[in-house]
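These come from TrEMBL:
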type    : residues                                     : note
BINDING : B:Glu68, B:Asp86, B:Ile88, B:Asp89, B:Asp208 : Mg(2+) binding site
Number of protein chains: 2
Amino acid sequence: MSQQQMVEEIKGWVYEAGENIKRKLQSPLIVEEKTNKSDLVTNVDKETEAFFIDKIRHHYPDDQILGEEGLGDHVTDFSGRVWIIDPIDGTLNFVKQQDNFCTMLAVYEEGIGQMAFIYEVMRDELLWGGKGMGVYLNEQVIKDVPNITLEKGLISVNTHMFLNNTYETQTVAMKSIGVRMIGCAGIGFKELIKGNQNAYISNLQPWDYAPAKVLMEELGLKMIALNGEPLDLRQKVPILGATPAAFAEIQTRQN
Amino acid sequence: MSQQQMVEEIKGWVYEAGENIKRKLQSPLIVEEKTNKSDLVTNVDKETEAFFIDKIRHHYPDDQILGEEGLGDHVTDFSGRVWIIDPIDGTLNFVKQQDNFCTMLAVYEEGIGQMAFIYEVMRDELLWGGKGMGVYLNEQVIKDVPNITLEKGLISVNTHMFLNNTYETQTVAMKSIGVRMIGCAGIGFKELIKGNQNAYISNLQPWDYAPAKVLMEELGLKMIALNGEPLDLRQKVPILGATPAAFAEIQTRQN
(Lines of atoms letter the chains of each structure in order from A and count residues from 1; the text may use other names and numbers.)
(Lines give C-alpha, C1' and ligand atoms only; values in the text may rest on other atoms or scores of the structure.)
Protein backbone atom coordinates (compact mmCIF):
# COMPACT_ATOMS: atom_id res chain seq x y z
CA MET A 1 0.00 0.00 0.00
CA SER A 2 1.40 3.42 -0.95
CA GLN A 3 1.74 6.23 1.57
CA GLN A 4 -1.05 8.03 -0.30
CA GLN A 5 -3.40 5.05 -0.06
CA MET A 6 -2.63 4.69 3.63
CA VAL A 7 -3.41 8.36 4.23
CA GLU A 8 -6.72 8.06 2.41
CA GLU A 9 -7.63 4.98 4.44
CA ILE A 10 -6.87 6.76 7.74
CA LYS A 11 -8.79 9.85 6.64
CA GLY A 12 -11.79 7.58 6.18
CA TRP A 13 -11.41 6.30 9.75
CA VAL A 14 -11.09 9.83 11.13
CA TYR A 15 -14.23 11.03 9.37
CA GLU A 16 -16.08 7.91 10.55
CA ALA A 17 -14.89 8.57 14.14
CA GLY A 18 -16.15 12.16 13.82
CA GLU A 19 -19.59 10.99 12.69
CA ASN A 20 -19.75 8.52 15.59
CA ILE A 21 -18.79 11.25 18.06
CA LYS A 22 -21.46 13.62 16.75
CA ARG A 23 -24.09 10.90 16.95
CA LYS A 24 -23.09 10.01 20.52
CA LEU A 25 -23.47 13.67 21.54
CA GLN A 26 -27.22 13.14 21.09
CA SER A 27 -27.24 10.89 24.20
CA PRO A 28 -26.13 11.76 27.75
CA LEU A 29 -22.39 11.32 28.26
CA ILE A 30 -20.93 9.13 31.00
CA VAL A 31 -18.30 11.39 32.56
CA GLU A 32 -15.58 10.37 35.04
CA GLU A 33 -12.79 12.37 36.67
CA LYS A 34 -9.22 11.19 36.08
CA THR A 35 -6.55 13.05 38.08
CA ASN A 36 -8.67 16.09 39.09
CA LYS A 37 -12.01 17.83 38.48
CA SER A 38 -10.91 19.37 35.17
CA ASP A 39 -9.26 16.17 33.86
CA LEU A 40 -12.24 14.23 32.51
CA VAL A 41 -12.86 11.13 30.47
CA THR A 42 -16.14 10.06 28.89
CA ASN A 43 -17.52 6.91 27.34
CA VAL A 44 -16.96 8.60 23.96
CA ASP A 45 -13.22 9.07 24.59
CA LYS A 46 -12.93 5.35 25.33
CA GLU A 47 -15.20 4.19 22.51
CA THR A 48 -13.37 6.38 19.99
CA GLU A 49 -9.98 5.06 21.09
CA ALA A 50 -11.34 1.50 20.84
CA PHE A 51 -12.68 2.28 17.33
CA PHE A 52 -9.24 3.41 16.10
CA ILE A 53 -7.45 0.51 17.81
CA ASP A 54 -9.81 -1.98 16.19
CA LYS A 55 -9.07 -0.52 12.74
CA ILE A 56 -5.32 -0.48 13.32
CA ARG A 57 -5.17 -4.02 14.77
CA HIS A 58 -7.14 -5.33 11.80
CA HIS A 59 -5.09 -3.61 9.09
CA TYR A 60 -1.67 -3.29 10.78
CA PRO A 61 -1.48 -6.14 13.31
CA ASP A 62 2.26 -5.83 13.92
CA ASP A 63 2.21 -2.15 14.95
CA GLN A 64 2.31 -0.66 18.45
CA ILE A 65 -0.41 1.73 19.63
CA LEU A 66 -0.09 4.50 22.21
CA GLY A 67 -3.52 5.83 23.18
CA GLU A 68 -4.49 8.47 25.73
CA GLU A 69 -7.02 6.20 27.42
CA GLY A 70 -4.56 3.31 27.74
CA LEU A 71 -6.50 0.81 25.62
CA GLY A 72 -3.48 0.30 23.34
CA ASP A 73 -0.02 -0.93 24.25
CA HIS A 74 2.34 0.12 27.02
CA VAL A 75 4.81 1.68 24.60
CA THR A 76 8.33 2.28 25.93
CA ASP A 77 10.27 1.66 22.73
CA PHE A 78 9.48 3.73 19.63
CA SER A 79 11.23 1.47 17.14
CA GLY A 80 9.06 0.15 14.31
CA ARG A 81 5.73 1.78 13.54
CA VAL A 82 3.80 3.37 16.41
CA TRP A 83 0.32 4.88 16.21
CA ILE A 84 -0.45 7.68 18.65
CA ILE A 85 -4.11 8.40 19.37
CA ASP A 86 -5.91 11.21 21.19
CA PRO A 87 -9.51 10.15 20.74
CA ILE A 88 -11.02 13.37 22.19
CA ASP A 89 -8.53 16.20 22.62
CA GLY A 90 -10.23 18.87 24.76
CA THR A 91 -12.50 16.55 26.75
CA LEU A 92 -13.48 19.37 29.14
CA ASN A 93 -14.78 21.39 26.17
CA PHE A 94 -16.42 18.25 24.79
CA VAL A 95 -18.32 17.76 28.06
CA LYS A 96 -19.16 21.41 28.81
CA GLN A 97 -19.59 22.87 25.30
CA GLN A 98 -20.11 19.86 23.02
CA ASP A 99 -17.72 21.78 20.81
CA ASN A 100 -14.11 22.97 20.49
CA PHE A 101 -12.51 19.51 20.60
CA CYS A 102 -10.52 17.40 18.14
CA THR A 103 -9.92 13.75 17.41
CA MET A 104 -6.24 13.23 16.54
CA LEU A 105 -3.97 10.50 15.27
CA ALA A 106 -0.30 10.31 14.28
CA VAL A 107 1.85 7.60 12.73
CA TYR A 108 5.54 7.48 13.69
CA GLU A 109 8.25 5.16 12.36
CA GLU A 110 11.50 4.71 14.27
CA GLY A 111 10.48 7.76 16.32
CA ILE A 112 10.04 9.96 13.27
CA GLY A 113 6.64 11.41 12.37
CA GLN A 114 5.26 10.09 9.08
CA MET A 115 1.65 11.27 8.93
CA ALA A 116 -0.84 13.05 11.13
CA PHE A 117 -4.52 13.97 11.39
CA ILE A 118 -6.09 16.70 13.53
CA TYR A 119 -9.86 16.77 13.05
CA GLU A 120 -11.94 19.52 14.67
CA VAL A 121 -15.16 17.59 14.52
CA MET A 122 -17.86 20.26 14.98
CA ARG A 123 -16.27 22.58 12.40
CA ASP A 124 -15.56 19.67 10.03
CA GLU A 125 -11.97 20.89 9.64
CA LEU A 126 -9.42 18.15 8.99
CA LEU A 127 -5.78 19.11 9.03
CA TRP A 128 -3.72 16.25 7.61
CA GLY A 129 -0.50 15.41 5.86
CA GLY A 130 2.95 14.16 6.60
CA LYS A 131 6.61 13.90 5.89
CA GLY A 132 7.28 14.75 2.26
CA MET A 133 3.61 14.88 1.33
CA GLY A 134 2.65 18.39 2.37
CA VAL A 135 -0.07 19.56 4.74
CA TYR A 136 -3.72 20.12 3.88
CA LEU A 137 -6.76 21.73 5.48
CA ASN A 138 -9.58 19.57 4.12
CA GLU A 139 -8.71 19.52 0.39
CA GLN A 140 -6.71 22.76 0.35
CA VAL A 141 -2.90 22.61 0.48
CA ILE A 142 -1.20 24.81 3.09
CA LYS A 143 1.90 26.52 1.75
CA ASP A 144 4.14 29.21 3.12
CA VAL A 145 2.65 29.69 6.59
CA PRO A 146 3.09 33.43 7.31
CA ASN A 147 6.09 33.96 9.58
CA ILE A 148 4.21 36.06 12.17
CA THR A 149 6.29 37.91 14.76
CA LEU A 150 5.41 37.97 18.45
CA GLU A 151 4.19 41.58 18.24
CA LYS A 152 1.91 41.02 15.24
CA GLY A 153 0.17 37.83 16.25
CA LEU A 154 -2.39 36.25 18.54
CA ILE A 155 -1.00 33.63 20.93
CA SER A 156 -2.66 30.64 22.64
CA VAL A 157 -1.44 29.67 26.09
CA ASN A 158 -2.14 27.38 29.01
CA THR A 159 -3.92 29.17 31.88
CA HIS A 160 -1.60 28.05 34.69
CA MET A 161 1.61 28.71 32.75
CA PHE A 162 0.27 32.19 31.92
CA LEU A 163 -0.78 32.93 35.49
CA ASN A 164 2.51 31.76 37.02
CA ASN A 165 4.67 33.12 34.18
CA THR A 166 6.22 29.65 33.86
CA TYR A 167 8.97 29.76 31.21
CA GLU A 168 8.12 33.46 30.70
CA THR A 169 4.73 32.48 29.24
CA GLN A 170 3.01 35.57 30.58
CA THR A 171 5.79 37.92 29.45
CA VAL A 172 5.74 36.42 25.98
CA ALA A 173 1.95 36.38 25.76
CA MET A 174 1.62 40.03 26.77
CA LYS A 175 4.01 41.01 23.94
CA SER A 176 1.52 39.48 21.51
CA ILE A 177 -1.43 41.36 20.08
CA GLY A 178 -3.92 39.21 21.96
CA VAL A 179 -4.04 36.19 24.28
CA ARG A 180 -6.35 33.25 23.65
CA MET A 181 -7.18 30.26 25.89
CA ILE A 182 -9.15 27.60 24.05
CA GLY A 183 -8.61 24.45 26.11
CA CYS A 184 -7.75 22.16 23.21
CA ALA A 185 -4.19 21.46 22.01
CA GLY A 186 -5.37 20.41 18.57
CA ILE A 187 -7.05 23.78 18.05
CA GLY A 188 -4.06 25.65 19.50
CA PHE A 189 -1.75 23.97 16.98
CA LYS A 190 -4.31 24.19 14.17
CA GLU A 191 -4.47 27.98 14.53
CA LEU A 192 -0.67 28.12 14.33
CA ILE A 193 -0.55 25.87 11.27
CA LYS A 194 -3.32 27.87 9.55
CA GLY A 195 -1.25 31.04 10.02
CA ASN A 196 -3.69 32.59 12.51
CA GLN A 197 -1.31 32.96 15.46
CA ASN A 198 2.37 33.24 16.32
CA ALA A 199 2.74 30.54 19.00
CA TYR A 200 1.08 28.01 21.29
CA ILE A 201 2.43 27.24 24.78
CA SER A 202 1.06 24.48 27.03
CA ASN A 203 1.88 21.46 29.19
CA LEU A 204 1.22 18.52 26.93
CA GLN A 205 1.18 14.75 26.82
CA PRO A 206 2.72 12.98 23.79
CA TRP A 207 -0.71 12.37 22.20
CA ASP A 208 -1.45 16.12 22.51
CA TYR A 209 1.61 17.24 20.55
CA ALA A 210 2.67 14.25 18.41
CA PRO A 211 0.25 14.90 15.50
CA ALA A 212 1.03 18.64 15.31
CA LYS A 213 4.78 17.89 15.43
CA VAL A 214 4.55 15.93 12.16
CA LEU A 215 2.65 18.67 10.34
CA MET A 216 4.74 21.51 11.77
CA GLU A 217 8.03 19.87 10.80
CA GLU A 218 6.75 19.48 7.25
CA LEU A 219 5.90 23.21 7.16
CA GLY A 220 9.10 24.51 8.79
CA LEU A 221 7.37 25.58 12.01
CA LYS A 222 9.17 25.13 15.33
CA MET A 223 8.35 22.89 18.30
CA ILE A 224 10.46 22.30 21.42
CA ALA A 225 10.06 21.26 25.05
CA LEU A 226 10.66 24.36 27.17
CA ASN A 227 12.40 22.34 29.87
CA GLY A 228 15.20 21.43 27.45
CA GLU A 229 14.20 17.75 27.24
CA PRO A 230 14.10 16.01 23.86
CA LEU A 231 10.60 15.39 22.47
CA ASP A 232 10.85 11.62 22.83
CA LEU A 233 7.09 10.89 23.12
CA ARG A 234 7.54 9.37 26.59
CA GLN A 235 6.35 12.07 28.98
CA LYS A 236 4.31 15.18 29.64
CA VAL A 237 6.38 18.29 28.89
CA PRO A 238 5.93 22.07 28.60
CA ILE A 239 5.72 22.65 24.84
CA LEU A 240 6.37 25.71 22.70
CA GLY A 241 5.11 25.63 19.13
CA ALA A 242 5.83 28.78 17.11
CA THR A 243 6.56 30.42 13.81
CA PRO A 244 10.33 30.74 13.21
CA ALA A 245 10.16 34.51 13.91
CA ALA A 246 8.25 34.18 17.18
CA PHE A 247 10.42 31.21 18.17
CA ALA A 248 13.60 33.26 17.82
CA GLU A 249 12.12 36.10 19.90
CA ILE A 250 10.91 33.75 22.63
CA GLN A 251 14.25 31.94 22.81
CA THR A 252 16.03 35.28 23.18
CA ARG A 253 13.77 36.23 26.07
CA GLN A 254 14.31 32.95 27.84
CA ASN A 255 18.10 33.00 27.63
CA MET B 1 -45.97 45.33 11.44
CA SER B 2 -46.05 42.78 14.25
CA GLN B 3 -43.06 42.15 16.50
CA GLN B 4 -42.75 38.72 14.85
CA GLN B 5 -42.66 40.23 11.35
CA MET B 6 -40.08 42.77 12.45
CA VAL B 7 -37.88 40.02 13.89
CA GLU B 8 -38.10 38.02 10.67
CA GLU B 9 -37.19 41.11 8.63
CA ILE B 10 -34.14 41.82 10.79
CA LYS B 11 -33.04 38.15 10.68
CA GLY B 12 -33.01 38.52 6.91
CA TRP B 13 -30.71 41.54 7.18
CA VAL B 14 -28.40 39.74 9.59
CA TYR B 15 -28.06 36.70 7.32
CA GLU B 16 -27.46 38.99 4.34
CA ALA B 17 -24.77 40.88 6.31
CA GLY B 18 -23.16 37.52 7.14
CA GLU B 19 -23.08 36.49 3.48
CA ASN B 20 -21.54 39.86 2.54
CA ILE B 21 -18.88 39.48 5.25
CA LYS B 22 -17.95 35.97 4.09
CA ARG B 23 -17.68 37.16 0.49
CA LYS B 24 -15.50 40.12 1.48
CA LEU B 25 -13.13 37.77 3.32
CA GLN B 26 -12.12 36.51 -0.13
CA SER B 27 -10.39 39.87 -0.80
CA PRO B 28 -7.60 41.54 1.22
CA LEU B 29 -8.92 43.56 4.16
CA ILE B 30 -8.10 47.23 4.66
CA VAL B 31 -7.08 47.37 8.33
CA GLU B 32 -6.58 50.50 10.47
CA GLU B 33 -5.66 50.90 14.13
CA LYS B 34 -8.10 52.82 16.33
CA THR B 35 -6.89 53.50 19.90
CA ASN B 36 -4.02 50.94 19.97
CA LYS B 37 -2.45 48.05 18.02
CA SER B 38 -5.06 45.54 19.18
CA ASP B 39 -8.05 47.86 18.57
CA LEU B 40 -8.63 47.47 14.84
CA VAL B 41 -11.21 48.48 12.30
CA THR B 42 -11.53 47.20 8.73
CA ASN B 43 -13.40 48.23 5.61
CA VAL B 44 -15.79 45.34 6.38
CA ASP B 45 -16.67 46.74 9.82
CA LYS B 46 -17.58 50.05 8.20
CA GLU B 47 -19.38 48.55 5.20
CA THR B 48 -21.41 46.23 7.42
CA GLU B 49 -22.43 49.09 9.72
CA ALA B 50 -23.40 51.14 6.64
CA PHE B 51 -25.42 48.16 5.33
CA PHE B 52 -27.47 47.94 8.55
CA ILE B 53 -27.92 51.72 8.76
CA ASP B 54 -29.18 51.84 5.19
CA LYS B 55 -31.79 49.15 5.96
CA ILE B 56 -32.89 50.87 9.18
CA ARG B 57 -33.08 54.37 7.67
CA HIS B 58 -35.18 53.03 4.80
CA HIS B 59 -37.66 51.04 6.94
CA TYR B 60 -37.58 52.99 10.21
CA PRO B 61 -36.63 56.58 9.28
CA ASP B 62 -37.60 58.07 12.65
CA ASP B 63 -35.36 55.85 14.78
CA GLN B 64 -31.97 56.63 16.28
CA ILE B 65 -28.94 54.43 15.54
CA LEU B 66 -25.90 53.85 17.76
CA GLY B 67 -23.16 52.08 15.82
CA GLU B 68 -19.64 51.09 16.90
CA GLU B 69 -18.03 52.76 13.90
CA GLY B 70 -19.90 56.03 14.42
CA LEU B 71 -21.77 56.04 11.10
CA GLY B 72 -25.12 56.37 12.88
CA ASP B 73 -26.29 59.07 15.25
CA HIS B 74 -24.62 60.65 18.24
CA VAL B 75 -27.07 59.10 20.69
CA THR B 76 -27.24 60.68 24.13
CA ASP B 77 -30.93 60.16 24.84
CA PHE B 78 -32.37 56.64 24.73
CA SER B 79 -36.02 57.68 24.52
CA GLY B 80 -37.94 56.33 21.52
CA ARG B 81 -36.55 53.44 19.52
CA VAL B 82 -32.77 53.06 19.30
CA TRP B 83 -30.90 50.50 17.22
CA ILE B 84 -27.50 49.41 18.54
CA ILE B 85 -25.09 47.87 16.03
CA ASP B 86 -21.77 46.05 16.40
CA PRO B 87 -21.01 45.25 12.77
CA ILE B 88 -17.99 43.03 13.53
CA ASP B 89 -17.60 42.07 17.18
CA GLY B 90 -14.12 40.57 17.60
CA THR B 91 -12.39 42.53 14.84
CA LEU B 92 -8.94 41.33 15.97
CA ASN B 93 -10.09 37.71 15.46
CA PHE B 94 -11.70 38.72 12.17
CA VAL B 95 -8.40 40.14 10.93
CA LYS B 96 -6.05 37.47 12.32
CA GLN B 97 -8.21 34.32 12.13
CA GLN B 98 -11.01 35.15 9.68
CA ASP B 99 -13.13 33.41 12.28
CA ASN B 100 -14.46 33.71 15.84
CA PHE B 101 -16.35 36.97 15.32
CA CYS B 102 -20.02 38.00 15.39
CA THR B 103 -22.24 40.58 13.78
CA MET B 104 -24.71 41.90 16.37
CA LEU B 105 -27.75 44.12 16.55
CA ALA B 106 -30.19 45.12 19.28
CA VAL B 107 -33.39 47.15 19.32
CA TYR B 108 -34.21 49.16 22.46
CA GLU B 109 -37.32 51.20 23.20
CA GLU B 110 -37.29 53.79 25.99
CA GLY B 111 -34.03 52.22 27.16
CA ILE B 112 -35.53 48.74 27.43
CA GLY B 113 -34.29 45.89 25.24
CA GLN B 114 -36.91 44.59 22.81
CA MET B 115 -35.06 42.25 20.44
CA ALA B 116 -31.52 41.17 19.74
CA PHE B 117 -29.41 39.22 17.26
CA ILE B 118 -25.94 37.71 17.83
CA TYR B 119 -24.72 35.98 14.68
CA GLU B 120 -21.48 34.00 14.73
CA VAL B 121 -20.97 34.16 11.01
CA MET B 122 -18.43 31.39 10.31
CA ARG B 123 -20.37 28.85 12.40
CA ASP B 124 -23.70 30.04 11.00
CA GLU B 125 -25.08 30.26 14.54
CA LEU B 126 -27.73 32.93 15.05
CA LEU B 127 -28.88 33.60 18.59
CA TRP B 128 -32.00 35.78 18.47
CA GLY B 129 -35.13 36.67 20.35
CA GLY B 130 -36.46 39.32 22.65
CA LYS B 131 -38.68 40.52 25.40
CA GLY B 132 -41.64 38.17 25.75
CA MET B 133 -40.81 36.20 22.64
CA GLY B 134 -38.22 33.74 23.92
CA VAL B 135 -34.66 33.11 22.74
CA TYR B 136 -33.62 30.86 19.87
CA LEU B 137 -30.42 29.35 18.54
CA ASN B 138 -31.15 29.18 14.82
CA GLU B 139 -34.61 27.54 14.82
CA GLN B 140 -34.27 25.82 18.22
CA VAL B 141 -35.84 27.44 21.28
CA ILE B 142 -33.58 27.84 24.35
CA LYS B 143 -35.36 26.99 27.59
CA ASP B 144 -34.16 26.53 31.13
CA VAL B 145 -30.49 27.48 30.77
CA PRO B 146 -28.69 25.20 33.25
CA ASN B 147 -27.89 27.14 36.43
CA ILE B 148 -24.17 26.25 36.47
CA THR B 149 -22.22 27.02 39.65
CA LEU B 150 -18.80 28.63 39.61
CA GLU B 151 -17.10 25.35 40.51
CA LYS B 152 -18.80 23.30 37.81
CA GLY B 153 -18.44 25.59 34.82
CA LEU B 154 -16.05 27.05 32.28
CA ILE B 155 -15.66 30.84 32.44
CA SER B 156 -14.66 33.38 29.77
CA VAL B 157 -12.70 36.43 30.88
CA ASN B 158 -10.85 39.47 29.60
CA THR B 159 -7.07 38.99 29.61
CA HIS B 160 -6.15 42.22 31.41
CA MET B 161 -8.86 41.87 34.06
CA PHE B 162 -7.67 38.30 34.69
CA LEU B 163 -4.01 39.27 34.86
CA ASN B 164 -4.60 42.21 37.22
CA ASN B 165 -7.34 40.47 39.22
CA THR B 166 -9.57 43.50 38.57
CA TYR B 167 -12.87 43.02 40.42
CA GLU B 168 -11.54 39.63 41.61
CA THR B 169 -11.67 38.32 38.04
CA GLN B 170 -8.66 36.05 38.51
CA THR B 171 -9.91 34.73 41.86
CA VAL B 172 -13.32 33.99 40.39
CA ALA B 173 -11.89 32.47 37.22
CA MET B 174 -9.56 30.13 39.11
CA LYS B 175 -12.54 28.77 41.08
CA SER B 176 -14.06 27.68 37.77
CA ILE B 177 -13.27 24.38 36.11
CA GLY B 178 -11.47 26.07 33.22
CA VAL B 179 -10.65 29.56 31.90
CA ARG B 180 -11.28 30.58 28.31
CA MET B 181 -10.23 33.73 26.43
CA ILE B 182 -11.88 34.01 23.05
CA GLY B 183 -11.60 37.70 22.15
CA CYS B 184 -15.23 38.18 21.13
CA ALA B 185 -17.99 39.40 23.48
CA GLY B 186 -20.70 37.89 21.30
CA ILE B 187 -19.17 34.44 21.65
CA GLY B 188 -18.53 34.93 25.39
CA PHE B 189 -22.22 35.71 25.92
CA LYS B 190 -23.37 33.07 23.43
CA GLU B 191 -21.57 30.34 25.40
CA LEU B 192 -23.30 31.57 28.57
CA ILE B 193 -26.73 31.66 26.91
CA LYS B 194 -26.22 28.19 25.41
CA GLY B 195 -25.51 26.84 28.90
CA ASN B 196 -21.85 26.08 28.17
CA GLN B 197 -20.28 28.28 30.85
CA ASN B 198 -21.03 29.92 34.19
CA ALA B 199 -19.99 33.54 33.51
CA TYR B 200 -18.35 36.06 31.21
CA ILE B 201 -16.34 39.01 32.52
CA SER B 202 -14.93 41.79 30.31
CA ASN B 203 -14.64 45.53 29.76
CA LEU B 204 -17.33 46.29 27.23
CA GLN B 205 -18.82 49.06 25.14
CA PRO B 206 -22.62 49.35 24.92
CA TRP B 207 -22.70 47.67 21.47
CA ASP B 208 -20.73 44.73 22.93
CA TYR B 209 -23.21 43.98 25.70
CA ALA B 210 -26.57 45.49 24.59
CA PRO B 211 -27.68 42.53 22.43
CA ALA B 212 -26.78 39.89 25.05
CA LYS B 213 -28.54 41.93 27.74
CA VAL B 214 -31.88 41.58 25.93
CA LEU B 215 -31.54 37.81 25.51
CA MET B 216 -30.19 37.21 29.02
CA GLU B 217 -33.00 39.18 30.66
CA GLU B 218 -35.53 37.08 28.76
CA LEU B 219 -33.84 33.90 30.06
CA GLY B 220 -33.37 34.99 33.68
CA LEU B 221 -29.58 35.26 33.40
CA LYS B 222 -27.76 38.07 35.25
CA MET B 223 -25.82 41.05 33.89
CA ILE B 224 -24.36 43.96 35.86
CA ALA B 225 -21.60 46.55 35.64
CA LEU B 226 -18.93 45.56 38.17
CA ASN B 227 -18.21 49.21 39.01
CA GLY B 228 -21.73 49.65 40.37
CA GLU B 229 -22.86 51.93 37.54
CA PRO B 230 -26.26 51.39 35.92
CA LEU B 231 -26.16 49.80 32.45
CA ASP B 232 -27.38 52.92 30.68
CA LEU B 233 -25.80 52.21 27.27
CA ARG B 234 -23.71 55.41 27.43
CA GLN B 235 -20.22 54.21 28.33
CA LYS B 236 -17.65 51.44 28.46
CA VAL B 237 -17.97 49.46 31.70
CA PRO B 238 -16.62 46.27 33.30
CA ILE B 239 -19.40 43.75 32.77
CA LEU B 240 -20.29 40.54 34.57
CA GLY B 241 -22.74 38.20 32.86
CA ALA B 242 -23.52 35.01 34.77
CA THR B 243 -25.93 32.27 35.68
CA PRO B 244 -27.90 33.12 38.83
CA ALA B 245 -25.85 30.59 40.85
CA ALA B 246 -22.46 31.88 39.68
CA PHE B 247 -23.69 35.47 40.05
CA ALA B 248 -24.55 34.93 43.72
CA GLU B 249 -21.15 33.35 44.41
CA ILE B 250 -19.26 36.13 42.62
CA GLN B 251 -21.21 38.86 44.42
CA THR B 252 -20.40 37.22 47.77
CA ARG B 253 -16.69 37.19 46.94
CA GLN B 254 -16.70 40.84 45.95
CA ASN B 255 -18.47 42.09 49.05
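Backbone N, Cα and C atoms are what each Cβ position is placed from, and that goes for glycine too.
Caution: TrEMBL annotation is automatic and unverified by curators.
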### Task
Could you work out which of the binding-site residues (B:Asp86, B:Asp89, B:Asp208) has its C-beta surrounded by the smallest number of other C-beta atoms within 10 A?
B:Asp208
### Summary
Per DSSP (three-state), B:Glu68 (Mg(2+) binding site) is coil
### Query
Which one, from the binding-site residues B:Glu68, B:Ile88, has the smallest tally of other C-beta atoms lying within 10 Å of its C-beta?
B:Glu68
### Message
What is the set of residues, excluding B:Glu68, B:Asp86, B:Ile88, B:Asp89, B:Asp208, whose C-beta falls within 8 angstroms of the centroid of the C-beta atoms at the Mg(2+) site?
### Response
B:Asp45, B:Ile85, B:Pro87, B:Gly90, B:Thr91, B:Cys102, B:Thr103, B:Met104, B:Ala185, B:Gly186, B:Gln205, B:Trp207
#### Entry: B:Asp208 (Mg(2+) binding site): secondary structure state under DSSP, collapsed to three categories
helix
